[in-house]
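Asks: Dropping the structure in here first, questions after.
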């Protein structure tokens, strides 16, 4: 049991500024909202925060085809009409549009996951977080499901340099098909995906059963498949060759709730870890499995979603945590901020402590304007005259309304005094640049939904039995022959002599040359001294 986990957190504000286009459900702005909640709760002070490097094309090509990476690098909204055949070949268009700064967006979120894996490999942290990552649908030669570069595959490839086995867990409402496909023929990665399956739900993969598919796309009965041998093929979502039974899928129906989901999750993941003995875990925390998501259909509360994160953390294995789907952006921000707290073993309070004003113990205090602060101070002066000694403990709440009016409530422990005589409440979310998105209740926790739960006990039991049967087919955790650890991907050096002093250096370039005080310490405390003898 580790005494205290060391957490690395990756964020670049530029990743949240891209725009997929009008009416597109993917809103990278959710990442800015998440980060500001992390800051508002003070979680950044409990972990190391890094700006990720922009992944180089050669790094992206460790999984993706070089021609696909090159096309992403040069295509722009203004030139896409000139390449209709390439746009179709790489599945770019409506779901995966070409927008301004597309390639830079891919470089940043992929760079964050690669950096996270490297820090875990070098034991510089126990847990690494990249909420911008988790784009699990991207294929080797094509975009898919709002995903262009599969950062998860790139991160896992990094982890495999140091770990013989890596476990990938996916709690997005959509099947993690891109990651499963990438490692479908190997036993060095076990993929476990909990997702909605059926009713033509995207991406249409992730069943746990074998089925016979005709070449025209229609399923046929498995019995007597020899009659159809020349007309189709058998599809198994369990892995093939060396990877047989190393792809685990948990296909769920609409409306699954916290109790059913978490019980099934804990049962399966416990058995997987016991059987597979992974050296590291990658956890994709897609928030579209939450109740109320624009594209989801589950009933999970934020607490239920976070319970899965809490459970995986208890294995005390190197853990890489990413985001993923999530299309009701205020709920995504709530979820990932809360789960950052879970990874830090920090419970986020329901009420925020404010600043002591006039010697009084105040509660939540926020103001966006000088006028607001003046009005609040004047009101406090009036209230102070009315407060006796036994009423010296005051809780203050000031809330913005739609029309920029003030609502002020003061709790003295005996009675409530309100300036406006309007309704008031004690908001859970502290003041931040995106506070208006969390109206009207400004709460952190999101309750479960009310969609009918179509996952009967017998259906859940069948899933559990099938998964356990597949795991019993694995005799033992696979081993890997010893070999030299491959180097990190090539990153060009920075030559100060070649730099134009009149040219402005961007923030990314400057950040690359910021060094920790102990990074190159000559002596016993050198971070790398223990590796010199290896």
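Just so you know, the numbers here start at 1 and follow the chain as drawn.
A Cβ is built for glycine as well, from the same backbone N, Cα and C atoms used for every other residue.
Below are the features I grabbed from TrEMBL:
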| type | residues | note |
| --- | --- | --- |
| ACT_SITE | 137 | active site, proton acceptor |
| BINDING | 95, 145, 327 | substrate binding site |
| BINDING | 172, 174, 288 | divalent metal cation binding site |
| COMPBIAS | 501-534 | compositional bias 'Basic and acidic residues' |
| DOMAIN | 24-341 | domain 'Histone deacetylase' |
| REGION | 487-534 | region 'Disordered' |
Asks: Using a 10 Å cut-off between Cα atoms, which of these recorded positions sit near residue 174 (divalent metal cation binding site): 95, 137, 327?
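Replies: Neighbours among recorded positions, in sequence order: 137.
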Asks: Around the divalent metal cation site (172, 174, 288), what further same-chain residues have their C-beta within 8 angstroms of the site's C-beta centre?
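Replies: Filtered neighbour residues, in order: 173, 195, 286, 289, 295, 296, 324, 325, 326.
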Asks: Where the distance is taken from Cα to Cα, which of the recorded positions 137, 172, 288 turns out closest to residue 145 (substrate binding site)?
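Replies: Checking each of 137, 172, 288 against residue 145 (substrate binding site), the shortest Cα distance is to 137.
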Asks: Same chain only, sequence gap of 6 or more: which residues have a CB within under 8 Å of the CB of residue 327 (substrate binding site)?
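Replies: 25, 26, 27, 288, 293, 294, 295, 296 - these are the non-local Cβ neighbours of residue 327 (substrate binding site), listed in sequence order.
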Asks: Would you mind checking how many other C-beta atoms are within 10 angstroms of the C-beta on residue 145 (substrate binding site)?
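Replies: The answer is 21 other Cβ atoms.
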Asks: For the recorded substrate site formed by 95, 145, 327, which further same-chain residues have Cβ atoms within 8 Å of the site's Cβ center?
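Replies: The answer, listed by sequence position, is 25, 26, 137, 146, 147, 202, 295, 325.
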Asks: Using all protein chains in view, find how many other C-beta atoms are within 10 Å of the C-beta of residue 137 (active site, proton acceptor).
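Replies: Step by step: centre on the Cβ of residue 137 (active site, proton acceptor), count other Cβ atoms within 10 Å, giving 26.
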Asks: Taking each of the binding-site residues 95, 172, 288 in turn and counting other Cβ atoms within 10 Å of its Cβ, which one has the fewest?
Replies: 95
Asks: So what's the average pLDDT for the domain 'Histone deacetylase' (24-341)?
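Replies: Reported value for the domain 'Histone deacetylase' (24-341) is a mean pLDDT of 93.
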Asks: Quick one: pull the CA-CA distance for residue 172 (divalent metal cation binding site) versus residue 95 (substrate binding site), whole Å only.
Replies: 18
Asks: Would you mind pulling the longest C-alpha to C-alpha span across 95, 145, 327, which the record has binding substrate, in angstrom?
Replies: 14
Asks: In whole Å, note down how far the CA of residue 95 (substrate binding site) lies from the CA of the residue listed as 'active site, proton acceptor'.
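Replies: Answer for this pair: 12 Å between alpha carbons.
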